[in-house]
Each structure stands twice: as C-alpha cells, then as structure tokens.
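One structure below.
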Amino acid sequence: MGGNGIAGKRHGNGISDERTSLLGHRERSDRIDGDEDRLTDGQSGGDDTISNVEEEDEDKANQQVGKLRAILISISVFGLVFLQASNMSGISTTQSKIAEDLNSFAEASWFTSTYLIALSSMSPVAARLAQIFSPRNCILTAAFLFSIGGIVTSQAPDLKTFLIGRAISGIGGAGIMTISFILILELTTKKRRGIFIGLANSGFTVGVSLGAVVWGALLPAVGWRALFLFQSPLAILSGIGIYFSIPKSFTSGQKSIDGASITSKLAKIDYLGSLFLVTTIILFLYGLSSPQIESLPILCSLLTLILFLYIELKIATDPIIPIAVLKSRGALLSCISQLGTMAARWTILFYTPVYAISIRGWSPASAGSILIPTNLGFALGGIAAGAFHIKRAGSFWLPSILTLLLFSTTLLFFSFLSTPTTPTPLYLLLALLNGLTIGSALNYTLAHLLHLTPPSTHFISTSLLTTFRGFAGSFGSAIGGGAFIRVLQTQLREGFSRNGGLEGREELVRKLLGSPALVGQLEGVEREVVMRAYGEGFRVLWLGAAVCAFLMVGVQAATGWDSPARGGVKSQDRLEVGNGLGVGNEVWEEGMEEGV
C-alpha cells in the first residue's frame, strides 16, 4: 500500500523540530520493507511550490510496507472491523431476547447507544495514544478491550453489568476504527486512498450485514450470551495478527527532540474534557430517548456542555475536539453534516430488521437478511466511488451534494413504503439504493474534507469526522429510538383504549416497546392494533430521518469548494492547533504528521 508524503523540512535525523515549516518544501518517503522492522528515510530537496509538492506526492506514501505485510495488515484490520460491526448489528435481531432476559424492554435502545457513545467519545483519545505508543501497541490493546467487553456482556446478570460490558467494548472499538483510518492515511497514496477507504467501509458493511443474519440464526441454538462470548477470542487473534504485521518502527514511543517524555504527553491528554463530553452526550440522549422526554437531564446536559466548552477553550492544553480546526468552515460543517446524515442512516440499520420482525412477521434470522441489500449497496457505492472517480486530490463538492440528495430521497420513500402490503422486492431495492447512495456519499465527503483542510491537519480532521460519525450512531439509535418508542407507546395506548381498554394490557404495552418479536404471538384485535402502532412508529421515524438528511444536504453545500491554498488560509491560522499531543509546534512521533 502507498499514501501521500509529508511535506515539511527535514533535518539530518529525518525528524522535524519546532522550527520546521508546516508546509515546507521538502518531502519524506519512509520505507518499511516487508522483511525488516526498520524505517529508511528518503529526502528530496528543492524550492518547489506547495502545489508542485502535492503533485509529486500523489504517488508517494508517508510510509510503505512490503506486500506480505500489507496483506496481513489488511486482513487483520478487516477482521477487527468486521467483528466490531457484527457486534453492533447483531443487537437488532437479538434485542427482544436480551430485553426479556434482563427485564429491560424500555431500555432496549441503550444496548447499542452505550457502545456507540463510548466509541465516539474515546476516538480522539485513541488517536493521541496511537501517536505516543504507536498504532501496533494501541490496536492490540483495543482488541483486548473489545474482547474483555464481550466477556463482561456475555456474563451480565442484569442491565447495569450488560451496559458496562458494552461500554468497554465501545472503548476498544474506538481504537480499532481510529487506528484503521490512521493506517490508511499513512500507507496509501492520494490516488489510491479512496478505494482503500471504500474497502475499510466494506469490512464494516459486511460485518453489519452478516452480523444481523448470523446472530439471528444462531440465537435459538446458542443464545445471545454465547454470541458475545465467541467474539472475544477472534478479536484477540486479529489484534495479535495486526500487532506482528506492523513493523516496530512504524512510529516511535521515544522522547521527542524538545525533551517531552511519554509521561508528559499522557498528562496533556484532555481527560477532563472527555469526561464532560461523555456526560453531556449521555444526559442529552437519556432525556430524548426515554418513553417520555425528560427535561431535567436535557437541562443538565446544557450545563455540562458549557463546562466542556470552557475546558476546551480555557483549560485544556490539547482539547479533545480541536477548537481551532473547527474554526475552519469546511471542517466544522463537514462534521455537522456527517452527524445528521449518519444519524439518519443508522435508523435504517437499526430499525429495518425491527420492521421485518414486527410488520412482516419474519424470524430474527430472516429479519437480519433485510440488511444485506442496503449494506451491499453501501460497499459497492464506496468502492465504486473510490475506484472509478476519486483518483485525485481535489474538490468533490457536487458529487457529495448529489449523492446526499439521493440518499435523503430514499429515506422519504422508506416512510411511505414501510407497510405490510409493500412488495418485498421493491422494499429490498429501496434498501439497496439507500446503501448505494450513502456509501458513495461518505467517500466523496471524506475526500472533499481532505481537499478543504491543509495536509498537515488530515489526521486530526479524519479523526474528527470519525468521531462525529460515531456520535451519529449514538444519536440515531437513542434519539431515533426514543421518538419511535414514544410514537409506538402513544399509538398502543390509544389503540387499546378504543378496543377494549388498557386494563390488563399495561404489561403488554411495556414489553412491546422493546420486543418486536412479541407481535407474532398476538392474534385478533390486539395484533391489528399493534401492527398499526408499529407502522405509524416507522412512518414518523423515517419521515423525521428524511427531514434531517435533507437539512444536512444544505449544511454540506455550505462547506464550499475552495482548498485552503485558494481560500487564503493564513500561516498564523495554521499555527493555532498543536500536534494532537498538546503543544503548539511539538514534534509528532515518527510517522505522524504535524497538526496545523
């Protein structure tokens, strides 16, 4: 694999110091031979302009590995991403049984939200730890955390322990996703970056598709606890595989030139900001995901948000979300667009299997298969965009807008067609188109973000985008799930009140909120009432998702199409952010890029 080179002056030791120009006129191409654990630095001098350097770097990688190592890294990363994704989607077909065993029907939306909140909140921390300890050490640790979380989840006697296990798995998942993107940025060329991002997304897609199907099929035979437990040894094996595939010298854990030690770098990580960010998200989502909107947690989340912003602006040496990077219109609006768009997308991934179980009467295994066409489309869209179109660095403003518009339109059709009478082939075709459009859109928007931001911020910008995508899963599952549950609860109560009254049916209503499989056990009037209630819930859910997605098209359009060089980015603006470790011009570890 190859990737874009790092532009910047290099000294005799091959490492930039605090005097290095952020967008200097020298380039570095590090070679990691497939059979060696050492880096060899190559330099080329000259006074080329920034544009000339970028053109020369099109076919050069920051670091390179031999073919064997590249294959092993790709397989191992694919395995970890696959396990992570299948863990997430498997919940959609097993939540009824989990809710029944843990007696937590109303809290079912938190089965996934807890995982995603931990994942998204810890992604920036994972990126900084990878800069200190190297990706090979961090991804092995991430794999072990993911494995431990699976063990805790599988043995959980109650909801509290179950959610703790999900949170531990989410922390591990943060390292897996973040380091996967770091590897792609380091080891692929600009021309090939798009296709490798598409391949990484396809690993996630395959996991989401097969996870729901396989978990649904195995649930009656082995139970949900065994499904979580079985993932643990596989995650450890994949982590060990990638650990030995990445050379020891891929990055350095030694002291930087200015004398900053590992301990001092660890101390600069924004732990307090992370804590308040997680607290803000949990309170906000809890208030909106409950069967009744809770005003107190939402108000408290506003207070913790203010404290979080104060910490980031006034206290944190190295903010968990780099404020200066978000001062860039392109970066900020790209992240917001990703948040809203992917929140809408997650409603499809979480609730189409629920639709298949409740409205169609499919078994959990069959319900999981409804995700196959949408995720197949997702993989094809991402790979096709990367392989046939994103072969250069530059603006992809128009393709981003068009694909997002098409994606939003498919959501609108979902709100109208999620009925018992819609032909199955038509529904599956709609799911395919939904995945195809969002798969290509994500690749285009990422490529456009890299165009909008200076090369020296690409690690930070990509990490931010990944973080907001993770937040989107939390928002989609919690807020979308909360809206669905509130509509469902209202419709069930009103329906039963008109057909014999609610007396004796309160417990049934409670169980139906978290167990769509229960619909198939009902008969007569009760079944009709429940089917109508679920149908209305899906209509409101996907109509709201469509509105959100259409709004995000406008946000994405506002990112603009000018690169920093053309947009007049000033050098002093580029100096506002440190290297992701907390000091303005402190040297990043070998193999990492300086921040802006």
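Yeah, the Cβs are placed from backbone N, Cα and C, and that goes for glycine too.
If you look up TrEMBL, you'll see 16-40 marked as compositional bias 'Basic and acidic residues'.
For 73-560, the entry in TrEMBL reads domain 'Major facilitator superfamily (MFS) profile'.
Per TrEMBL, region 'Disordered' is recorded for 1-59.
Panel annotation: around the transmembrane segment (70-88), residues 1, 34, 112, 115-116, 139, 142-143, 146, 150, 169, 173, 176-177, 180, 183, 187, 199-200, 203-208, 210-212, 214-215, 228, 231, 234-235, 237-239, 241-242, 244-246, 473 of the same chain, lying at least six beyond its termini, place a Cβ under 8 Å from a Cβ of the stretch. Feature annotation from TrEMBL assigns transmembrane segment to 70-88 (among others).
Tertiary proximity for the transmembrane segment (108-127) is limited to same-chain residues at least six positions away from its ends with a CB under 8 Å from its CB atoms, namely 87-88, 91-92, 95, 98-99, 138, 142, 162-163, 166-171, 173-175, 177-179, 182, 269-271, 274, 277-278, 281-282, 285, 289, 320-321, 350, 459-460, 463-464, 466-471, 473-474, 477-478, 481-482, 485, 513-515, 580. The transmembrane segment annotation in TrEMBL covers 108-127 (among others).
According to TrEMBL, the feature transmembrane segment maps to 139-157 (among others).
For 163-184 (among others), the entry in TrEMBL reads transmembrane segment.
Remote same-chain residues near the transmembrane segment (196-218) are listed as 1, 74, 77-78, 81-90, 92-94, 180-181, 184, 188, 224, 226-227, 349, 353, 363-369, 371-372, 375-376, 378-379, 382-387, 435, 439, 442-443, 446 (criterion: CB distance under 8 Å, separation of at least six residues from the stretch ends). The annotation transmembrane segment is assigned in TrEMBL to 196-218 (among others).
Marked as transmembrane segment by TrEMBL: 224-246 (among others).
Listed by sequence, the residues of this chain that lie at least six past the ends of the transmembrane segment (271-289) yet keep a Cβ under 8 A from its Cβ atoms are 109-110, 113, 117-118, 120-122, 124-125, 295-298, 300-301, 304-305, 307-308, 311-312, 315-316, 319-321, 471, 474-475, 478-479, 481-483, 485. The transmembrane segment annotation in TrEMBL covers 271-289 (among others).
If you look at the transmembrane segment (295-313), the same-chain residues 6 or more away from its ends with a CB under 8 A from one of its CBs are 270, 272-273, 276-277, 279-281, 283-284, 286-288, 319-321, 323. What TrEMBL records for 295-313 (among others) is transmembrane segment.
Long-range contacts of the transmembrane segment (370-390) within its own chain (CB-CB distance under 8 A, at least 6 residues past either end) are made by residues 89, 92, 193-199, 201-202, 205-206, 208-209, 212-213, 348-349, 352-353, 355-356, 362, 396, 399, 403, 427-429, 431-444, 447. The transmembrane segment annotation in TrEMBL covers 370-390 (among others).
Residues or ranges marked as transmembrane segment in TrEMBL: 396-414 (among others).
The transmembrane segment annotation in TrEMBL covers 426-447 (among others). Distant neighbours of the transmembrane segment (426-447): 193-194, 197-198, 201, 205, 334, 337-338, 341-342, 345, 348, 352, 370-371, 373-386, 389-390, 393, 396, 399-400, 403-404, 406-407, 410-411, 413-414, 417-418, 462, 465, 556; these residues of the same chain sit at least 6 beyond its ends, with a Cβ under 8 Å from one of its Cβ atoms.
Remote same-chain partners of the transmembrane segment (467-488), defined as residues 6 or more beyond its termini with a Cβ less than 8 Å from a stretch Cβ, comprise 88, 106, 108-110, 112-113, 116-117, 119-121, 123-124, 174, 177, 281, 285-286, 288-293, 321, 335-336, 338-347, 350-351, 512-513, 533-534, 536-538, 540-541, 544-545. The transmembrane segment annotation in TrEMBL covers 467-488 (among others).
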Tertiary contacts of the transmembrane segment (139-157), as residues 6+ beyond its ends and Cβ separation under 8 Å: 80, 83-84, 87, 102, 126, 130, 164-176, 179, 225-229, 231-233, 235-236, 238-240, 242-243, 246
